[in-house]
Amino acid sequence: FDFCQAEGKKRPSENLGQVLFGERIEPSPYRFTFNKEETCKPVCTKTYDTKKPEDKQKLDFLKKSMLLNYQHHWIVDNMPVTWCYDVEDGQRFCNPGFPIGCYITEDGRPKDACVINSEFHEKDTFYIFNHVDIKIYYHIVENGALGARLVAAKLEPKSYKHTHPENPDCSGVPMDISNKANGEVKIAYTYSVTFHEEKKIRWASRWDYILESMPHTHIQWFSIMNSLVIVLFLSGMVAMIMLRTLHKDIARYNQMDSTEDAQEEFGWKLVHGDIFRPPRKGMLLSVFLGSGTQILIMTFVTLFFACLGFLSPANRGALMTCAVVLWVLLGTPAGYVAARFYKSFGGEKWKTNVLLTSFLCPGIVFADFFIMNLILWGEGSSAAIPFGTLVAILALWFCISVPLTFIGAYFGFKKNAIEHPVRTNQIPRQIPEQSFYTKPLPGIIMGGILPFGCIFIQLFFILNSIWSHQMYYMFGFLFLVFIILVITCSEATILLCYFHLCAEDYHWQWRSFLTSGFTAVYFLIYAIHYFFSKLQITGTASTILYFGYTMIMVLIFFLFTG
């Protein structure tokens with residue numbers, strides 16, 4: 001964007017999670033000394049001559065960024081610098097970034113941030129925020145030897161057309177860039193900084209300002225109540241079916257006096273000779289189950305740690321780092337589960353099974369990720385992952401995850417296959433004509449709706465935090481929703497499985513995996529809706545990136561729910 005650059009300062013290093021999420025921290029040309037107040041200090045002056053093509057290109061790029069409401073994100077002492085402004089109902093909203101500038105349309109309507117100042121009134125004009133008033137709040141530690149600690153940093157973006165850039169006075173008319181301007185445009189960047197003692201905020205609770213400015217918690221409670229109602233309804237159904245069925249069966253057996261009556265069976269008992277027939281494509285199912293277990297445990301542990309506050313937004317990138325490391329270390333349960341199921345399906349090719357478990361799902365995710373990275377790299381984006389990090393991720397996968405999967409699979413194959421309580425008949429039984437709602441496809445489509453109903457409000461906040469750079473800190477809610485989701489998926493599947501077993505259709509293995517796995521398809525549809533309704537994304541590369549990353553999330557979610 002051609003803002004002021006810091007001379008000769010080293011870039012801070014980032015951790016794995018930040019690198020993967022494309023967060024890069026750059027050094028700043030704004031220099032502060034503690035308790036030394038500055039007023040209207042110049043940083044640098046940029047001059048654009050619109051007759052020169054490269055200058056015009058830079059200025060046009062700056063205009064485009066103001067039109068699309070791009071934001072600065074600044075950090076002081078690991079704290080985001082926030083811009084607080086009044087919204088309706090007398091509430092204050094604090095934004096962890098502030099806009100580059102704003103635009104007044106041709107018919108004189110102010111867009112985005114231009115509403116904050118009545119001096120912004122020229123039509124078809126851009127106003128750039130080239131001056132910031134920074135207020136730094138500190139807390140003096142009780143035993144004075146330790147000095148003071150910064151507890152908050154706030155700023156007010158301002159726009160001034162400095163008449164003497166080398167000796168600015170920060171007053172007068174705003175810095176306007178007319179859309180049709182020709183000739184020379186000079187933008188002088190300045191700042192003022194003041195220090196205030198803040199006795200109320202402790203250093204430990206300096207992140208609480210995020211909570212004040214986020215008015216969404218009542219929606220969260222509403223969504224949790226909504227999800228709990230679904231769970232209670234499903235649990236009631238499952239309990240009723242189990243009780244009713246078992247009660248009826250036991251009563252019927254008690255009435256029998258002679259053995260010949262016991263030969264007449266009904267409903268789901270008719271399929272007892274076929275219920276443990278190995279499914280078609282048993283290899284693939286066992287691999288999916290292994291990978292799904294890996295993701296399930298990873299999600300549970302990550303969210304549990306996040307709830308305890310280990311992965312707060314203060315440790316940037318900690319969440320992603322934790323998830324990746326856990327996923328790598330959880331190769332053993334994946335190999336074990338896949339091997340156990342594959343063996344119980346009567347499979348013989350154990351080498352193929354282990355290799356598929358360690359390479360199929362991670363391979364798809366990695367390939368997708370690699371293609372996305374190539375696009376970012378081709379676009380010259382700062383979010384492109386350096387080659388060294390890619391090698392590091394591959395090393396984690398091949399040198400730690402794969403051997404652990406092999407160890408898990410070894411133990412899984414060594415154990416005896418899961419014992420089935422009934423023998424499987426030699427000849428497969430014929431499946432009678434099914435009614436509409438016990439056919440495979442309608443059952444699977446119905447199964448995904450309930451779990452999706454539990455999560456879709458949370459999904460909105462998660463997508464916002466990924467694509468709109470809002471802080472996500474509601475891990476308590478997310479953990480609750482996670483538990484509710486697990487229960488809902490299991491119960492919806494048990495219910496639908498019971499219905500089609502009663503209809504004497506004994507192909508239950510794939511159907512039970514896909515019934516709750518279909519939630520991922522609804523997730524995909526929601527992500528497409530979000531793309532068109534909430535995001536103003538233009539350009540092919542950006543669209544491909546959005547859907548590429550969405551597909552990774554959908555695959556992980558499919559394995560997890562299944």
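One-based numbering along the chain as shown.
Positions of Cβ are set from backbone N, Cα and C atoms, glycine also.
The transmembrane segment feature in TrEMBL is assigned to 221-243 (among others). Non-local neighbours of the transmembrane segment (221-243) in the same chain are 450, 453-455, 457-458, 477, 480-481, 484-485, 487-488, 491-492, 494-495, 498; each lies 6+ residues outside the stretch with a CB under 8 Å from one of its CB atoms.
According to TrEMBL, the feature transmembrane segment maps to 284-311 (among others).
Summarising the annotation, TrEMBL assigns transmembrane segment to 317-342 (among others).
Sequence annotations record features per position, and here TrEMBL assigns transmembrane segment to 354-377 (among others). For the transmembrane segment (354-377), the list of distant contacts is 22, 283-284, 286-288, 290-291, 331, 334-335, 338-339, 383-385, 390, 393-394, 397, 401-402, 405-406, 409, 541, 544-545, 548-549, 551-552, 555-556, 559: same-chain residues at least six beyond its ends, Cβ to Cβ under 8 Å.
Away from its own ends, the transmembrane segment (383-413) comes close to residues 16, 19-20, 22, 24, 290, 324-325, 327-340, 343, 350, 353-354, 357-359, 362, 366, 370, 373, 376-377 of its chain (Cβ-Cβ under 8 Å, at least six residues beyond either end). Residues or ranges marked as transmembrane segment in TrEMBL: 383-413 (among others).
Beyond the ends of the transmembrane segment (444-467), by six or more residues, the same chain brings 216, 219-220, 222-223, 226-227, 230-231, 234, 437, 474, 477-478, 481, 484-485, 488-489, 492-493, 496, 511, 514-523, 526-527, 530, 534-535, 546, 549, 561 to within a C-beta distance below 8 angstroms of the stretch. What TrEMBL lists as transmembrane segment is 444-467 (among others).
Among the features that TrEMBL reports, transmembrane segment is placed at 473-501 (among others). Residues 210-211, 214, 217, 220, 223-224, 227-228, 230-231, 234-235, 237-238, 241, 245, 267-268, 271, 275, 296, 299-300, 303-304, 306-307, 311-313, 434, 437-438, 443, 446-447, 450-451, 454-455, 458, 461-462, 508, 511-512, 515-516, 519, 561 of the same chain lie 6+ residues outside the transmembrane segment (473-501) yet bring a C-beta within less than 8 angstroms of a C-beta in it.
Sequence-remote contacts of a segment are chain residues at least 6 beyond its ends whose Cβ falls under 8 Å from one of its Cβ atoms, and for the transmembrane segment (513-532) they are 285, 288-289, 443-445, 447-449, 451-452, 455-456, 459-460, 463, 467, 489-490, 492-493, 496-497, 543, 546-547, 550, 553-555, 557-559, 561-562. The transmembrane segment annotation in TrEMBL covers 513-532 (among others).
Residues 288, 291-292, 295-296, 299, 361, 364-365, 368-369, 371-372, 375-376, 451, 466-467, 485, 489, 516-517, 519-521, 523-524, 527, 531, 535, 537 of the same chain sit 6 or more residues outside the transmembrane segment (544-561) yet have a Cβ under 8 Å from a Cβ within it. Marked as transmembrane segment by TrEMBL: 544-561 (among others).
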